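Have a look at the structure below before the remarks.
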């Protein structure tokens, strides 16, 4: 049942938060939880049906969950107004460079290393 | 008239109103996005955020009052981020088959994203708060806000920068990849998810299913990678 899966994900996050807090590592709790769940289910290559269902529901509506955080920009309008030039140039240049480097490295490795061997 | 006003005073103080407004604004955004055949500029999140912002400003409602209702949606970002583990497990065989391409692209891409953000923002005279909030801009907002909080940034500002990056990446990925002559859907999707998190992934999914799968993997992997490298780079870079 989807609620079981949801409870599982919440408990996984709380465990991740607690671990990060106890060991005082500066890694967000959800990141610890993702790493732990991947390690937990990796050998089988599949997840319990309820967990899979809950994950699908959450990820299908992922965009909606960004909305409250997006509206938060209203709190920082003075800073955004003062530094808009730095923000626009940095985000545009950095994002285009990141996509270019990632796609080029990926396709070069596929072409010359992975397909070269088979 | 004053009756209507009293009703508004009552409603605007209720968290349920702002929860409903958030859901309704998102539905409007999603409907427009569908009607324009998922045109990259008609991003549902962007539309929803714009509608809500206009409403809050015109009704003189503070973000605090809005968040009383919106927090019920916001808090689900945590479990949704944890849920990113599931597509990684399901696509284990793809990951094993392409581990070299993914590993190298992830390393190079994550470093490019964080280093260029920090260096450019500093070189252009950005404030310390902006630089620290900017570093995790490429990754999904729940993790990015966490990194920002842990490293002297402002989580709400980071959220705004993450949204801007996501919308820009979703709009730019198709023309950029065509310009670079990259036809491999796996490479295109991986780049979209790595540089532009959930919004890049949503875009990749609407273009090609294989691009969508690899975008989802890149989104999850870069969430982990940037969480590890951003704090180190923020300390190392002058």
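Easy rule for this one: first residue shown is 1, then count along the chain.
Backbone N, Cα and C atoms are what each Cβ position is placed from, and that goes for glycine too.
Since we're looking at a predicted model, the values are computed, not measured.
Taken from TrEMBL, the feature transmembrane segment applies to B:6-29, B:41-59, B:65-89, B:101-124, B:156-177, B:189-208, B:214-237.
Note: the stretches the transmembrane segment (B:65-89) and the transmembrane segment (B:6-29) are in contact (3+ CB pairs below 8 A, sequence gap of 6 or more). With a threshold of 8 Å between CB atoms, the same-chain residues lying at least 6 positions outside the transmembrane segment (B:189-208) that come near it are 38, 40, 43, 45, 101-102, 105-106, 109-110, 113, 138-141, 162-163, 165-170, 173-174, 177, 214-219, 221-223.
Most Cβ pairs under 8 Å with the transmembrane segment (B:101-124) belong to B:214-237, among the candidate stretches B:6-29, B:41-59, B:214-237. Tertiary proximity for the transmembrane segment (B:41-59) is limited to same-chain residues at least six positions away from its ends with a CB under 8 Å from its CB atoms, namely 8, 12, 21-22, 25-26, 28-30, 32-33, 66, 163, 166-167, 170-171, 199. Sequence-distant contacts of the transmembrane segment (B:156-177) (same chain, at least 6 residues past either end, Cβ-Cβ under 8 Å): 40-41, 43, 45-46, 49, 129-130, 133-134, 136-141, 144-145, 147-148, 188, 191-192, 195-200, 202-204, 207.
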